[in-house]
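Below is one structure, written out as C-alpha cells, with a few remarks after it.
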Amino acid sequence: MTDLLANLALGFGVAFSPANLAFCMLGTLVGTLIGVLPGVGPLATIAMLLPITFGLPPVGALIMLAGIYYGSQYGGSTTSILVNIPGEAASVVTTLDGHQMALQGRAGPALAIAAIGSFFAGCVATVLVAALGAPLTSVALLFGPAEYFSLMVLGLIFAVVLAKGSVVKALAMILLGLMLSMIGSDIETGQSRMSFDIPEMADGIGFVTVAMGVFGFAEIMRNLEHTSSRDVVKAKLTGLMPTWPDLKACAPAIGRGTLLGSILGILPGGGAVIAAFAAYTFEKKVAKDPSRFGRGAIEGVAAPESANNAASQTSFIPLLTLGIPPNAVMALMVGAMTIHGIVPGPQVMTKQPELFWGMIASMWLGNAMLVVINLPLVGVWVRLLRVPYRLLYPAIMMFCCIGVYSINNSPFDVIMTAAFGLVGYWLSKHDFEPAPMLLGFVLGPLMEENLRRAMLIARGDPTTFLTRPISASLLALATLLLVIALLPMIRSKREEVFVED
Amino acid sequence: MSEGVQASSDGAADHKRTVMSVLAPLLVGLLSIGGYFRTPPSSPLIADVLLFAGIALVAFAIALVVLRWPIRDPRDYYGGLALLGVAFFMLWAGSDLPGTRGFAFGPGTGPRIFASVLAVLSLIVMVVGMFAQGPGLERYAWRGPFFITLGTLVFAVTIRQFGLVIATFVSIITVAAGSSESRWIETLIWAAVLTGFAVLVFPIALSLPLQLWPSPNLSFSTFLNFR
C-alpha cells in the first residue's frame with residue numbers, strides 16, 4: 001500500500017511538471033477536436049496525430065497520446081449526442097439516449113453527465129491500473145515463451161469471440177493480419193521475406209500505414225457513398241449542468257458502468273466497445289421502467305460513457321504489464337512506444353518507473369482536463385459539427401497523408417496507405433472486420449518469436465504448449481471460448497441452409 | 001448501411017452473376033497452377049500444394065457450371081475466395097525461404113503455418129457462402145475510392161520533388177473531386193487555406209523536416225525517381 005502511494009506520488013510528480021501538463025492538455029484538446037469529427041474514431045485520430053508526438057521526449061509523447069485517446073473518445077460521445085452520428089463504435093450506444101435527450105433540449109446535461117461519468121470511471125480505473133500493475137508484472141515473470149504464445153492465442157480468441165459478426169471471418173482476418181506482419185526482414189536470420197526486392201518493404205509494412213488505410217481512408221470512402229445529411233441539434237444549449245435529480249439517478253448507473261467497464265477492459269479483445277454495449281444492456285435490465293430507454297433516459301448516457309472510459313483505461317493494464325495489446329487502439333500504442341524506443345512489457349515498470357507511473361498519473365489528469373476543457377468548449381464543437389463533410393474530408397485526408405509521410409519521410413508509405421485504403425473498403429463490402437486484422441498484424445512478430453523460442457526450448461516438441469500447466473490452461477480456455485462462440489453460429493447457419501431447400 | 005443492391009430478379013444480371021462466380025475460382029485456380037511452375041525447386045511441397053489446389057479450384061469451377069449452382073451469399077463467397085487467393089499468393093511468395101531444419105524454425109516456417117491456416121479458414125468462409133443465404137453484394141461506388149486513392153498517389157509522387165505546398169494543394173483538389181457535393185471555387189479557397197495551415201503546423205510549429213517548395217534541381221528524370 002505504501003509502495004503504491006509512493007509510486008503514485010512519483011507518477012504525479014512526473015505528470016505535474018509544467019511540460020507534461022501542457023502535453024496532456026494539448027493531447028486531450030487536439031484529441032477531442034479530431035474525435036468530434038463524424039466518422040473519425042480514436043484509432044484514426046491517434047494514427048493521424050502520431051507524427052505530432054515524434055519530436056517529444058518519450059514520457060511526454062506517451063502522456064500526450066494517452067490524452068489524445070481519451071479526448072477522441074470523449075469527442076466521439078459529443079458527436080453522438082449532438083448529431084446522432086457515432087464518431088466511433090464505442091459511442092454507438094450513446095446515440096440511443098443521448099441524441100434523444102438533445103432533441104428534448106437537454107443536450108447540456110447529456111454532455112455534462114457523459115463527462116462526469118467518464119471522469120469518475122477514469123478515477124477508479126486509474127487506481128485499478130496502479131494497484132494491478134505491480135502484481136501482474138510479477139506474474140509476467142513466470143511466463144516463458146510457451147506461455148506468452150498461449151496467452152496471445154487466448155487474447156486473439158477473445159477478440160474474435162467478442163467482436164460482432166461471424167467468428168470464422170474474424171479468425172480469417174486475424175490470420176490475414178499475422179500473414180501481413182511476416183513481410184519484411186526475419187527477426188532471427190535477417191532474411192528478407194516476401195518483400196520482392198522492394199527496398200521499402202525490407203523493413204516490413206508500417207503499422208500506421210495499415211491502420212490509417214483500413215480505418216481512416218476506407219471510412220472516408222464509405223462515408224462518401226452517402227450524401228451527407230446531418231441534423232446537428234439546432235436548439236441552443238442552455239443549462240449545461242444536470243439537475244440534482246439527474247445526478248441522483250445517474251450515480252448508481254455510473255458505478256455499475258465503471259465496474260463493468262473496468263473488468264471488460266482488462267480482458268484481451270474487450271475494450272471500450274463491448275463495455276459500452278454491456279453497460280447499456282445491463283442498465284436496461286436493472287431499470288424499474290425499461291421503456292424509458294431509447295427515449296432520453298439519462299442513465300442510458302451515464303452508464304455506457306462511464307463503462308467505455310473505464311475500459312479504455314484498464315485496457316492499458318495488459319499492455320503495460322504483459323506487453324500484449326488487448327485491442328486495436330492499444331496495438332497502435334505499441335507502435336507509438338516502439339517509435340520512441342520503448343518495448344512495452346513488464347520491464348517498463350522496473351526500468352522506467354517514471355514513465356510507467358507518470359503515464360498512469362497523467363491518465364487521471366487527462367480525465368480531469370476533459371471535464372474542465374470540454375464543458376466550456378461545447379459551443380465550439382457544435383460549430384465544428386456544422387462544417388459540411390465535403391470540406392472536412394479533404395482536411396482529414398491531408399493530415400493523414402502528411403502524417404504517414406512524415407513517419408519515415410517515405411512516399412512509398414503513402415502509396416501503401418492508399419492501397420490499404422482500397423483493401424479496407426473491399427473488406428467492409430464483404431463484412432470483414434478490420435480490427436482483428438490489425439490486432440493480428442501487431443501480435444504477429446511477437447507470436448512468431450515466442451513460438452519459435454518455445455519450440456527450440458522444447459527441442460521441436462509441439463506438446464510443450466500442453467504439458468506446461470499455465471500454457472495448457474490458457475489454451476484450454478481459448479478452445480472453450482471458441483467452442484462456445486461457434487456452436488450457436490453453426491446451428492443458425494445450418495437452419496439457414498435447410499430453410500432454403 | 002443498407003444500400004446494398006439485392007440480387008435482382010433480372011435475368012441478364014443473374015446470368016452475369018453466375019458467370020462471375022465461375023470465372024473467379026477459375027482465375028484463382030489458374031494463377032495457383034501458374035505458381036506451381038514458378039516455385040523454386042527447393043520447396044517441392046509448396047509447389048505440389050499449389051498445383052493440387054489449382055487443379056481442385058478449376059474442377060470446382062467446372063462443377064459449378066455443370067450443377068448450375070447458385071451462390072447464396074456472394075459477400076462471403078467472393079470474400080473467402082479472395083482471401084484464399086491471398087493465402088496461396090503468400091505461400092508462393094514465401095516459397096524461396098528455408099523452412100524448418102531439425103527442430104529450429106526457419107524464416108519460412110511462420111509464414112507457411114499462417115498461410116495454411118488462412119487458406120483453411122477462407123475456404124470455410126467461401127463454402128458457407130455457397131450454402132447459407134446472404135444479403136447480396138453491396139454496390140461499389142467508384143468516384144470516392146478513385147479520387148481518394150488518386151489524390152493520395154498524387155501526394156506521394158509530388159511531395160519529394162515539388163515540396164509540401166504544391167503537393168498538398170494539388171492532392172486536396174484531387175481528393176475533393178471524390179464528392180459529388182464539392183463546388184470548385186469553394187474547393188480552391190479551402191485547399192489554399194488548408195495548405196497554409198499545413199505549412200504552419202508541420203514544418204514550422206512541429207519542425208518536421210518537410211521541404212516547402214520545388215527543389216531547384218527539378219527535372220523529369222528526378223521526378224520519375226520520386227522515391
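Glycine too: its Cβ is placed from the backbone N, Cα and C atoms.
Curation plays no part in TrEMBL annotations; they are all automatic predictions.
According to TrEMBL, the domain 'DUF112' annotation covers A:21-439. Taken from TrEMBL, the feature transmembrane segment covers A:48-70, A:110-133, A:139-160, A:167-184, A:204-221, A:258-282, A:324-343, A:355-381, A:387-405, A:470-490.
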Interface-richest range of A:48-70, A:139-160, A:258-282, A:470-490 toward the transmembrane segment (A:324-343), CB pairs under 8 Å: A:48-70
Listed stretch, out of A:167-184, A:355-381, A:387-405, that has the most CB pairs under 8 angstroms to the transmembrane segment (A:48-70): A:355-381
Most Cβ pairs under 8 Å with the transmembrane segment (A:470-490), selected from A:110-133, A:139-160, A:167-184, A:258-282, A:387-405: A:139-160
